[in-house]
Amino acid sequence: MSSNDILQQGADLLMLGMGSVFVFLSVLVVATTAMSWFINRWLPEVEAEPVARKPAPSTEINSKTLSIIKQAIAQHRVAKGRASAE
Amino acid sequence: MSSNDILQQGADLLMLGMGSVFVFLSVLVVATTAMSWFINRWLPEVEAEPVARKPAPSTEINSKTLSIIKQAIAQHRVAKGRASAE
Amino acid sequence: MSSNDILQQGADLLMLGMGSVFVFLSVLVVATTAMSWFINRWLPEVEAEPVARKPAPSTEINSKTLSIIKQAIAQHRVAKGRASAE
Amino acid sequence: MENLWLASGLAQIQMNQAIMILVGLALLFLAIRKKFEPLLLVPIGFGGIMANIPGAGLASSALELALYAQDPMVIGAARELFEMPVAHIDAVLHAIDNSAYSIHAQLSAVAQDAGYNNGALYNFYSVAIASGVAPLVIFLGVGAMTDFGPLLANPKTLLLGAAAQFGIFATVLGAVGMTYFGIMDFSIAEAAAIGIIGGADGPTAIYVASMLAPDLLGAIAVAAYSYMALVPLIQPPIMRALTTEAERQIVMTQLRTVSKREKIAFPVIVLILVGFFIPDAAPLLGMFCLGNLMKESGVVDRLSDTAQNALINITTIFLGLSVGSKLAADKFLDPKTLGILALGIVAFAIGTAAGVLMAKLMNVFAKQKVNPLIGAAGVSAVPMAARVANKVGLESNPHNFLLMHAMGPNVAGVIGSAVAAGVMIAVVKAFG
Amino acid sequence: MENLWLASGLAQIQMNQAIMILVGLALLFLAIRKKFEPLLLVPIGFGGIMANIPGAGLASSALELALYAQDPMVIGAARELFEMPVAHIDAVLHAIDNSAYSIHAQLSAVAQDAGYNNGALYNFYSVAIASGVAPLVIFLGVGAMTDFGPLLANPKTLLLGAAAQFGIFATVLGAVGMTYFGIMDFSIAEAAAIGIIGGADGPTAIYVASMLAPDLLGAIAVAAYSYMALVPLIQPPIMRALTTEAERQIVMTQLRTVSKREKIAFPVIVLILVGFFIPDAAPLLGMFCLGNLMKESGVVDRLSDTAQNALINITTIFLGLSVGSKLAADKFLDPKTLGILALGIVAFAIGTAAGVLMAKLMNVFAKQKVNPLIGAAGVSAVPMAARVANKVGLESNPHNFLLMHAMGPNVAGVIGSAVAAGVMIAVVKAFG
Amino acid sequence: MENLWLASGLAQIQMNQAIMILVGLALLFLAIRKKFEPLLLVPIGFGGIMANIPGAGLASSALELALYAQDPMVIGAARELFEMPVAHIDAVLHAIDNSAYSIHAQLSAVAQDAGYNNGALYNFYSVAIASGVAPLVIFLGVGAMTDFGPLLANPKTLLLGAAAQFGIFATVLGAVGMTYFGIMDFSIAEAAAIGIIGGADGPTAIYVASMLAPDLLGAIAVAAYSYMALVPLIQPPIMRALTTEAERQIVMTQLRTVSKREKIAFPVIVLILVGFFIPDAAPLLGMFCLGNLMKESGVVDRLSDTAQNALINITTIFLGLSVGSKLAADKFLDPKTLGILALGIVAFAIGTAAGVLMAKLMNVFAKQKVNPLIGAAGVSAVPMAARVANKVGLESNPHNFLLMHAMGPNVAGVIGSAVAAGVMIAVVKAFG
Ligand code: NA
Ligand code: NA
Ligand code: NA
């Protein structure tokens, strides 16, 4: 293969590559916009979506734990406040 | 292979199959019953089994967390009740 | 292979093996001592190491949960104590 | 390997692939919107779409891709191997289709020399299913999640799990009947693989199909999981038709508590009996019992935990994608698929009926009556079928909770269909 | 397989290995102390050290080890295979280097007969990378961690992700230019593999390099991950140079909320479009979309959870070690590595510039102005590049939070470079 | 492959399998009831039962199954390959037993053509152990669980870990002695593999046995894990016999705190020294050090976490089942097994004694006295041996807590036996 050939191949790759990337992502812009329009027009989620996502267990624990901590701390402070006030 | 042969094979499979399934599970009924009788007669678990199973961590957290939540809620209600009563 | 050969091989393995193990671990004693000296002399950790290790999530939950449990139990006892005192 | 691609034009192929993409989308819809066994049907449906991407060949081996392309190097090597230097290319392809494992291995090497690579889904299939490992690992995890307590408290419910397997074998007979009457052309191995749908147990069905009829695996797995999801629709009418109101109101005595030692001994006993009576069922039931022993022994909780979570989840993802690879148009869009779907639902129905009737038969002889509704749970489809039995029972008597009673036949059904699978593999092997 | 070991003496080899051990230590230092992409660079650096242990041959195949040792049995078998009974040993080794897959397979069997075994890292590489599976699994996990919400709220930011891929192809041109001017000797396949560094996406770079230029994989992966870690240094000067203060202060309207159904539909649409337009990108993007669908569908949380944790972590460890195996001195210490490192940083810079300029171009036509800083996030390097855009934006307007706006082009860049990868693989295959 | 099945009748085989099933049950009893290393002995015992199911062939390869069945196609292919057209079938089987890897590969393909498949446990063994990967992954996880702090605080305890390896090499001498006196017939490779039991480290023993004496692997692994569980019984009498009451009361100064940087540097130093001095120990110790570095570096916690949990658990399950596959009667029920069991316990005893004596020797020269009890912890068996040292110490002085002091030699013993393993592999390879 001559040196020119590889330059040519590089240029071809640039054209084909950027062309494909732009065409594909442009098509995706159109398809996504159409999909969003269609769903929001014809298939809106009326209320609390029935397919409600079960939170990942750890998160669940964390949030529960956190709320408990907050409460516990609050009560602790109250208790301490009361104790020191007495 | 003639068409008759495959019918014959199907019938054989039915006989052998259901036969084996019933024989095997019947043997299992007998073996299980005998095993349960033997264990409960000769190897009863006297007290708290020493091979006590460590509960799976997540479950442990959940049940502990749950009990805490219940308590926290209960205390919260009590506190609120007291607060609103005052 | 004559029987003598295998005895010889066994003896060789003993020599080479124990030799290598002792040489290697002795070198490691020296290298480790030098490394510790070098780090403590030239690269001491000034303050709270910035590469502080994020505790494993489960442990974190456990310890939090545990502290909450302790508190909850303590409060529970206090509450019970108060209740029975009244 | 089907030679479909030679018989039909490119346009036909692409049309078929488009149809299969719609099938994949339908499976995703059922899985996500209707909650049809989503753990399997999401990866199966998605894998099915991937397998039908035109030109990507994700579900094809390097050799298949070389043959699609009629690669001269590979065709040449085949001509030499088969000593057919001047034969028409169709004859060469036909010879390859019918050649043995070692010939395939040699031609695969040539195809790789020629620059072809196995598709990603093909690789997943080879590792997860063709090797047989994925169903075994799923069974390990399922075993670690199974509680044999209700079964041990009332061992005779094992017979209900046995009876429900009649759905499997009746369906085999149905399939060979179709062949006999010229409606379909199933071999005895294919008929056996189709029958296992009646086992209502996904991994067992995949295991048997991968051994006896790999080309039908896609349709068989889709049928098995779909009908398992449809158990709440399929079973109740049959259960009501075969029982009287009085029978449905039968109250069962509360189950005794089962000791830890019994639970530890049970999986070991099952393993040894299976090994003695049905060695071909030993891989599946062995892994199932190991999982259960890991759970019940209480000394290897970290292993049991991993078997129930990371390991089974990882395996499920790749099992699903691998099954999806068998939804490639040239394998799935075949009249046989319609036959499989039709036979599969019959299998579920017959299994349900057999379970219920067996319970009624037992009531003729036994003093302690069983509610015949729990017989329907013998098809397995754990725990859906047990819940269905409970629900139908509550309709007749709102205070009669059958769930725990139905769990006995339910897990017995898993053992039963694994035994049936072992027998079928052994017998079909013996038929040669 | 390089014949380097014949040309140079043993001392030279060991010196090179010592250098590579220092390179491995440097990577560990950057990973641990400087937090340069530690998840990959810790196993890569460690694997690099292991690969360069003199005499251990951990990164070598059984055949390579037999040839290093000039094993007479293997050389003899090769002489017979190539029918060169009296040729010089160098000629035999050269013939082996250039022989096809099936010849290698045969000689490997002979080497194993002669008592050689594949090194541990070589095995990891075969299973994790040569099979293509590890990058696919990583993409599955990354997909399950990705939120396409910001992209769906503003789909035209996809174009920013497209523009930033110019860095990839400009770099290909740079690499072939180096070949043209005789500075380096890159083939078109190698040039393409180097260009993909500009995609700023580790698994994509490894996937492409493993297909097009496996010998350069070590350098390409190290460059990709190192520059991804350096994004906060590389991008800001370019972003500032190409934008005015006024542009950097542009406030973007808040993103609309995106419904769950849109999020579920998006990965399916991407899969189908990719299958239709760029089938060679289907494996990578298919797994990415499957991961995302598993997350968004909400019905297979246990699979999504495992894909994001156990599965991706296990794969990352072996992927890193496998990349490390390609840091063996005879593959890495090559002038080409310098070329790769130089071209890689250029690729990042050009990609950044192209993203910013595209955003400015869009502002010429669109009514809703975008802040051109978010164009820089189009190179991917998720989520670092988006954070950089946010940070540079805050410097000009401390109340203008661009992070969510930048996440759109950021994830678009992942899709864009996977598409670019697919095109490059297809085109280079077509070049033959 | 043993030709045992030809020499003895079918009845004898089944009797042997029954015996091995009892052995498997005994292992399960020890694991579950007595808590003998349950993580390994549950899957090993269970796998051992599965491997001995008559007629199932779960532990056999496709080729072995074809030969058991004296399949004419495979025998015919062998006759052709070996050019022995009229030889007796026993001669053919013998020739196959002694043939090379590539012959086996060819005949395996023929066996698969003839419809035989590898047993499930055989596949597990191939992937997990024959490839060498499972022990490496276990070492990765163990490394991520190991704290080198106590060792770094008192590096000279490394010498105790060295001394305890004398148990390994003394046992090798014992094994060759048995051969010399005609009691047993161990080759030098087998003697080395038996010796490694004295390393008191399961994965190291499996790794070495899989390389040097795969047929003995079952017995070696069972001995290693059983004796590790028996450490609290084996060690104390030896420790008491070799120390005076005064020595056992020696109080050691509290260990200094070790900085994070030292802990990060240590695994890297070990890797480099191992690579330089004992390259054959590099795979095992490399993975061990990588795991430790992942833990100590603190920047890849998610990888470290997975290595310590999902990854090591998954690997343990399959490692155990694979070891169990080597409990097939034809491999395990051999006089050699008795020799292995006898030599194994001697190895533990000698290792313990050597560790204690080394500590006494060190006290002769050093100013800072060490309590010689911690020398016994040098055999590894982490952390059991360290706990034993602590317990025996408390008997003499109820306020002298030796646990942390004993952890130093304990983890040093792991390094020591991995080094010994590397040396043995290299030396035995050199013996040819
Ligand atoms: Na069933
Ligand atoms: Na990108
Ligand atoms: Na040791």
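Backbone N, Cα and C atoms are what each Cβ position is placed from, and that goes for glycine too.
Per TrEMBL, the features are as follows:
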{"type": "TRANSMEM", "residues": "D:12-32", "note": "transmembrane segment"}
{"type": "TRANSMEM", "residues": "D:124-146", "note": "transmembrane segment"}
{"type": "TRANSMEM", "residues": "D:158-182", "note": "transmembrane segment"}
{"type": "TRANSMEM", "residues": "D:188-209", "note": "transmembrane segment"}
{"type": "TRANSMEM", "residues": "D:216-234", "note": "transmembrane segment"}
{"type": "TRANSMEM", "residues": "D:264-290", "note": "transmembrane segment"}
{"type": "TRANSMEM", "residues": "D:310-328", "note": "transmembrane segment"}
{"type": "TRANSMEM", "residues": "D:340-358", "note": "transmembrane segment"}
{"type": "TRANSMEM", "residues": "D:410-431", "note": "transmembrane segment"}
- prompt: Have the transmembrane segment (D:12-32) and the transmembrane segment (D:310-328) got at least three CB pairs under 8 Å, pairs 6 or more apart in sequence?
  reply: yes
Self-check item: Any contact, the transmembrane segment (D:216-234) to the transmembrane segment (D:188-209), with at least 3 Cβ pairs under 8 A
Solution: yes
At a Cβ cut-off of 8 Å, and with pairs 6 or more apart in sequence only, do we get at least 3 pairs between the transmembrane segment (D:124-146) and the transmembrane segment (D:188-209), yes or no?
yes
- Message: I'd like to know if the transmembrane segment (D:158-182) touches the transmembrane segment (D:410-431) in this structure, counting it as a touch only when three or more C-beta pairs sit under 8 Å and are separated by 6 or more positions.
- Response: yes
Within the same chain, the residues 6 or more beyond the ends of the transmembrane segment (D:310-328) and with Cβ under 8 Å of it are 20, 23-24, 39-52, 58-60, 119, 121-122, 124-125, 127-129, 134-135, 137-138, 140-142, 203, 206, 214-215, 217-219, 221-222
Contact set of the transmembrane segment (D:340-358) with the rest of its chain, CB cutoff 8 A exclusive, min separation 6+ beyond the ends, reads 159-168, 170-171, 174-175, 178, 194-195, 197-200, 216, 219-220, 223-224, 227, 230-231, 234-235, 238-239, 242-243, 372-373, 375-379, 409, 413
With the cut-off at Cβ under 8 Å and a gap of six or more residues from its ends, the chain residues touching the transmembrane segment (D:264-290) are 132, 135-137, 139-140, 142-143, 146, 148, 152, 203-204, 207, 296-297, 414-415, 418-419, 421-423, 425-426, 429
